[in-house]
Amino acid sequence: MANKMMGIGASAGVAVAKVYILDEQPIVIPQDTAKDVTAELANVSQAITKAKADLENLQKIAQEKLGAEKAAIFEAHASILEDPALTEEFETLIKTQSYNGAKAIGEVAEKYIAMFSAMEDDYFRERAADVKDVTDRLIRYILNLPVADLASIAEEVIIVAEDLTPSQTAQLNPAYVKGFACNVGGRTSHAAIMARSLEIPAVLGLKTILSAVSATDVLAMDGATGEIEINPQKTDVWTKKAETFKKEKAELEQFKTKKTVTKDGFDGFVLEGNIGSPKDVAAVLENGGEGIGLFRSEFLYMDNDHFPTEEEQFEAYKQVVTDMQGKVTIIRTLDIGGDKKLSYFKFPEEMNPFLGYRAIRFTLDRKDIFKDQIRALLRASAFGPVGIMFPMIATVDEFKTAKQFTLDCKAELEKAGVAVGKDLQIGMMVEIPAAAVLADQFAKYADFFSVGTNDLIQYSMAADRMSEHVTYLYQPYNPAILKLLKLTIDGAHKHGKWAGMCGEMAGEPEAVPLLMGLGLDAYSMSATSITKARSIMAKLTRKETAELANKALECDTTDEVLALVHKLMQTK
Ligand code: PEP
Ligand code: MG
């Protein structure tokens with residue numbers, strides 16, 4: 001059997017250690033009906049009490065090892081258990097359908113897991129993992145199955161598992177657990193996010209690692225590239241890799257506090273962070289983010305049981321703007337619809353919801369809902385520099401209508417004596433090819449562009465960003481995409497406006513040289529990518545990246561473009 005495997009590099013770092021197989025006894029839910037409804041109800045209630053105590057304990061461990069922000073996940077888990085709607089659903093199934101406790105929990109969990117898994121936003125997809133983590137714990141207690149105790153590992157190991165839950169990850173002691181490799185998961189899994197905080201290397205999405213190793217094997221892994229080797233032959237190769245990683249990490253550390261400057265001394269590029277909620281601000285600042293390039297406002301709506309009021313939204317936006325201490329915060333208006341659903345609002349059934357009633361199309365149609373958000377955003381802008389941007393803009397008319405609506409709300413507030421920021425900018429996402437092609441016209445009206453490559457690529461290639469069957473078409477480096485980026489950036493500059501990017505591409509090490517060459521002004525990415533991007537910029541001149549971009553625009557294929565990037569970066 002091949003002893004090398006490739007997965008998703010989810011937390012950087014190199015490790016070589018003995019395998020520790022975490023092969024939990026699978027949960028098999030009994031299907032028999034409850035003989036004693038009262039006893040089943042008591043079982044469920046005892047399991048909930050026990051799980052709550054566990055979560056409190058885990059929260060304490062995580063608080064010490066990972067800090068308050070990461071420990072908050074266990075508060076979220078506890079709140080799932082405290083949700084009366086959920087427990088009521090368990091109870092109803094037991095009382096009315098004579099379900100046994102485990103079956104009732106399993107069925108309710110399945111419903112919520114399916115709902116969250118279908119959502120487009122990574123944040124909400126991860127909620128599926130939270131529900132599974134909590135409900136599996138309950139079911140294990142009811143069925144008297146062991147719950148893994150990873151905190152007691154006391155020798156150097158690499159954990160190999162189907163998946164690691166957030167609660168399992170929080171128990172890992174980095175002194176002994178040198179890394180973990182799982183069959184499932186990706187860069188945005190909670191396990192991956194925690195692994196990065198704990199600085200434990202992780203490779204996920206390996207599909208078959210669990211069946212490929214045995215307990216006596218030694219594993220070598222590179223958490224940046226996703227490379228795995230079982231019983232490595234040439235250990236010196238791995239020692240060298242580990243040294244290189246350590247050196248690079250030390251080098252990147254300095255870039256947290258350095259200014260963003262290219263090799264030729266240009267300091268006009270800005271590196272920013274993407275956030276999904278106010279609690280993400282700390283990581284952006286800690287990694288040297290020069291602003292927030294995308295605040296996805298959906299969390300306020302999706303983590304709720306009603307459309308958030310103007311006041312509720314104002315508090316959240318104000319907190320972010322204040323925490324950013326004078327650095328710019330770009331907040332995107334509600335990007336709901338498609339597969340991002342709300343429990344308290346029914347969207348129309350459509351054949352292609354991604355191409356349907358969503359984002360700006362929805363908010364322009366529901367000005368009552370839009371108005372609460374715009375007023376909250378305008379009021380928050382009095383506390384620091386704010387950019388408002390609209391998602392999924394397809395036509396100039398749409399943008400002009402949304403902008404005018406914002407200006408009308410502003411006038412109304414000012415008339416009532418409510419403060420609005422002087423530095424307010426009103427811009428738009430460029431994530432529909434039509435907007436990129438017509439950037440020149442849009443730039444007459446928009447203060448800035450922010451390219452949403454996650455969507456721009458899927459719409460340009462007609463390849464669903466969620467479908468595993470067409471991932472080969474999801475090509476950020478396709479010259480067609482580069483041409484759309486060029487149109488967007490040139491369009492903005494022609495009218496003295498700036499162009500940014502907040503799709504995942506902005507933080508990809510291979511994309512940064514190309515984007516510099518195309519003249520992109522602002523790069524917004526996950527907080528942990530900022531130092532790497534800054535270090536790449538420090539190695540490159542604008543002249544050489546412009547030459548790279550020009551050549552790339554003439555290429556026929558993605559591979560040709562990437563070959564050009566690799567050739568340039570090899571000399572650095
Ligand atoms: C994008 O489309 O690139 C983007 C940043 O928005 P989202 O991923 O939230 O759709
Ligand atoms: Mg988008």
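Backbone N, Cα and C atoms are what each Cβ position is placed from, and that goes for glycine too.
Quick look at what TrEMBL lists:
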type	residues	note
DOMAIN	7-127	domain 'Phosphotransferase system enzyme I N-terminal'
COILED	34-61	coiled coil
DOMAIN	154-226	domain 'PEP-utilising enzyme mobile'
ACT_SITE	H190	active site, tele-phosphohistidine intermediate
DOMAIN	249-540	domain 'PEP-utilising enzyme C-terminal'
BINDING	R296, R332, N454, D455, R465	phosphoenolpyruvate binding site
BINDING	E431, D455	Mg(2+) binding site
ACT_SITE	C502	active site, proton donor
* Taking only the Cα atoms, work out how far R465 (phosphoenolpyruvate binding site) lies from H190 (active site, tele-phosphohistidine intermediate), in Å, as a whole number. => 20
* Structure fact -> What remains of the binding-site residues R332, N454, R465 after requiring a CB under 6 angstroms from ligand 1 is N454
* Asked: Which binding-site residues from the list E431, N454, D455, R465 come close to ligand 2, meaning a Cβ under 6 Å from one of its atoms?
  -> E431, N454, D455
* What mean pLDDT does the predicted model reach across the coiled coil (34-61)? -> 88
* Between D455 (phosphoenolpyruvate binding site) and the residue listed as 'active site, tele-phosphohistidine intermediate', what C-alpha distance do you get in Å? -> 23
* To do: Calculate the distance in Å between the alpha carbons (Cα) of R332 (phosphoenolpyruvate binding site) and the residue listed as 'active site, tele-phosphohistidine intermediate', and round it to a whole number.
  => 24
* Asked: What is the total of other Cβ atoms whose distance to the Cβ of N454 (phosphoenolpyruvate binding site) is within 10 Å?
  -> 17
* Asked: Which entry in the list of recorded positions, H190, R296, R465, has its Cβ near the fewest other Cβ atoms, using 10 Å as the limit?
  -> R465
* Max CA-CA distance, Å, over listed phosphoenolpyruvate-binding residues R296, R332, N454, D455, R465 -> 20
* To do: Look up R332 (phosphoenolpyruvate binding site) in the DSSP assignment and report helix, strand or coil.
  => strand
* Asked: Per residue, counting other C-beta atoms within 10 angstroms of the C-beta, which of the binding-site residues E431, D455 reaches the highest number?
  -> E431
* Asked: Which numbers of helix, strand and coil residues does DSSP report for the domain 'Phosphotransferase system enzyme I N-terminal' (7-127)?
  -> 82 helix, 13 strand, 26 coil
* In DSSP terms, helix, strand or coil for the residue listed as 'active site, tele-phosphohistidine intermediate'? -> helix
* To the nearest whole angstrom, what is the C-alpha distance linking N454 (phosphoenolpyruvate binding site) and C502 (active site, proton donor)? -> 9
* Structure fact -> All chains considered, the count of other Cβ atoms within 10 Å of the Cβ of R332 (phosphoenolpyruvate binding site) is 25
* By Cα-Cα distance, the member of recorded positions H190, E431, C502 nearest R296 (phosphoenolpyruvate binding site) -> C502
